[in-house]
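Listed in TrEMBL for this protein:
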type	residues	note
TRANSMEM	12-31	transmembrane segment
DOMAIN	12-340	domain 'Acyltransferase 3'
TRANSMEM	43-64	transmembrane segment
TRANSMEM	85-105	transmembrane segment
TRANSMEM	134-154	transmembrane segment
TRANSMEM	166-182	transmembrane segment
TRANSMEM	188-209	transmembrane segment
TRANSMEM	221-242	transmembrane segment
TRANSMEM	254-274	transmembrane segment
TRANSMEM	325-343	transmembrane segment
């Protein structure tokens, strides 16, 4: 019983961490700099220091090193990421011309061969960008966890000493390969250069889970203050930013230390949020629906723009991406989280009701036959 309680608490905590991650993504896309009086807060650059890496860390935290059938593991991970990728991409394709007619999206309508080209790209796990721009992350996550699992699987029969030593060496080598390819701006297929970078981060998450009883001592308010101060110092020092899709990692020496500091910040913040049952529930829910928020937050921004532009009677800049109004960042923060969650909840309710009716009809049909 105690073990079950601990598992629920642990999973809830990781969901909260994911919630911090997805909220940070929404923040980064809704605002880069916030002007408060004479002060400029570089909020976008701040959250970019950790907002993607934290998901790889959580993946490593939840990874169970008991993979007996590697390809079965790969198939399971592919199903978990590819299925929502396909569903959201196809839905977006079907609605894209409507978005252009509404005036919230720039570009030419899909006609003729563009449907085939786009659908082929979707089938091959390539993001179609625009409102689904954030979906480049999904194949990167898939390949990163596959690389990590492959290393562990191939070393599973080594002696204890060589197994752990060999694994750490492999994590380091593939991380170095990632640093090199990003530094040289080698844009690999599926952005694999980022997958290479994230393998050590997945490993850190797994080791944190293994040694959490020791490491949790540094996850506290004191750690939150220190990590926050370090991240702010990095931003204010103008030594560079992290924007992985654009080959920006500050530099080869500081990328992993800064990323680790960002993860530390999230872990400490997550622990603080969990002290409030309300905040824990909110961020845990966001964490569980992080993929849906990732898919729908840009559309949510544009729905706000559509309403505000029509209220103001000025629709000329309504199709600006990712949003039209710099000063509406608090609204974007809220709708970027709330609308996707509500849409997902509605979808779940509809699916549940439809399934219930189908099972009811099947049950009645069986009774009539018998």
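Glycine is no exception: its Cβ is also placed from the backbone N, Cα and C atoms.
Not measured: the values here are computed from a predicted model.
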State the residues, same chain only, that lie 6 or more residues beyond the ends of the transmembrane segment (12-31) and have a CB under 8 A from a CB inside it; answer 'none' if no residue qualifies.
43-44, 47-48, 50-52, 54-55, 57-58, 61-62, 134, 266-267, 269-271, 273-274, 280, 282-288, 290, 293-294, 297-298, 301, 322-323, 326, 329, 332-333, 336-337
Honestly, do the transmembrane segment (221-242) and the transmembrane segment (325-343) touch, with at least three Cβ pairs under 8 Å and pairs 6 or more apart in sequence?
no
Long-range neighbours of the transmembrane segment (43-64), counting only residues six or more past its ends (CB under 8 A):
14, 17-18, 20-21, 24-25, 27-28, 31-34, 137, 141, 144-145, 148-149, 198, 201-209, 231-232, 234-235, 241-244, 258-259, 261-263, 265-266, 290
Ranking 85-105, 188-209, 254-274 by Cβ pairs under 8 Å to the transmembrane segment (134-154), which is first?
188-209
